[in-house]
């Protein structure tokens with residue numbers, strides 16, 4: 001009898017602990033700020049409209065920012081932290097040194113803080129800004145579940161993003177480790193429909209005269225624009241990834257892949273790789289399907305490795321931990 005009662009009490013204790021722990025974890029929810037900051041999304045969007053008016057190139061930069069943040073430690077705004085003498089930061093890692101938009105995030109966050117002090121995280125702010133960027137560039141509208149928390153760690157040595165010159169198999173493996181299928185990876189490569197890249201990302205292809213995967217007219221034009229010598233990042237020219245519609249989310253980049261007119265090796269390889277070629281061909285012929293799918297996969301990207309509940313913090317300033 002005593003033994004039975006002991007196990008009964010033990011079971012109650014374990015259940016109570018389980019309930020207590022689960023109550024600290026709040027799943028992402030579209031209505032997360034409905035009672036604490038009901039105008040959060042509208043506030044971000046209004047602030048972003050002014051930024052887009054001032055600089056249209058910021059939209060592709062913010063989409064890229066979301067990817068760089070979410071791929072390392074999850075979507076926790078860790079890429080925004082400015083390093084100090086005592087603490088490292090993802091922000092100074094080589095792949096992140098060409099990121100743009102930190103000042104825009106600071107401006108928008110300041111507006112959000114004025115409306116709802118200490119409520120909306122920087123991670124949520126970036127997720128909303130990236131969504132608004134996709135829509136501004138002609139992509140499909142999509143919901144952004146909210147409730148992310150900001151991380152308390154940011155280390156340059158942890159930044160291990162797939163490089164634009166990495167073999168496609170390595171890129172597929174990297175995305176698979178984050179929960180993305182080959183088809184979803186192709187869709188995210190379609191994000192190269194907007195924005196630009198430094199010549200350093202593909203100059204090695206220009207030097208390789210035996211590379212038959214680059215259209216010769218493209219090679220000639222890019223050699224003239226970029227030169228054959230390496231340059232410091234601040235001096236290295238940039239070229240549009242999709243020169244026809246560099247500020248429109250569309251499926252044109254898939255046609256470029258199939259025509260050997262992609263600047264990045266990973267994009268070009270996707271057109272012929274056994275696992276991805278079919279997806280590239282499908283989206284090259286299906287503009288509406290790509291627009292919808294791109295927004296769906298962007299929404300998924302914004303949920304990678306998020307901190308929820310009591311984890312992390314809600315930063316007052318995105319570039320620094322709370323004191």
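Placed from the backbone N, Cα and C atoms, the Cβ positions cover glycine too.
TrEMBL entries are annotated by machine, without manual review.
Binding of Ca(2+) 2 is attributed by TrEMBL to 242, 245, 250, and the same site annotation extends, among 193, 197, 213, 303, to 193.
Annotation for residue 75 (disulfide bond): same-chain Cβ neighbours under 8 Å, separated by at least 6 residues, are 66, 69, 123, 126, 127, 148, 301, 302, 303, 304, 305, 306.
Listed in sequence order, the residues 68, 70, 71, 73, 75, 77, 79, 151, 154, 305 complete the 8 Å Cβ shell around the Ca(2+) 1 site centroid, once 69, 72, 74, 76, 78, 90 themselves are left out. Between the CA atoms of residue 68 (active site, proton acceptor) and residue 78 (Ca(2+) 1 binding site) there is a gap of 10 Å, rounded to the nearest whole number. When the disulfide-bonded residues 116, 122, 318 are ranked by how far their Cα is from the Cα of residue 76 (Ca(2+) 1 binding site), 122 comes first.
For the disulfide-bonded residues listed here (37, 116, 122, 199, 226), the lowest count of other CB atoms within 10 A around the CB belongs to 116.
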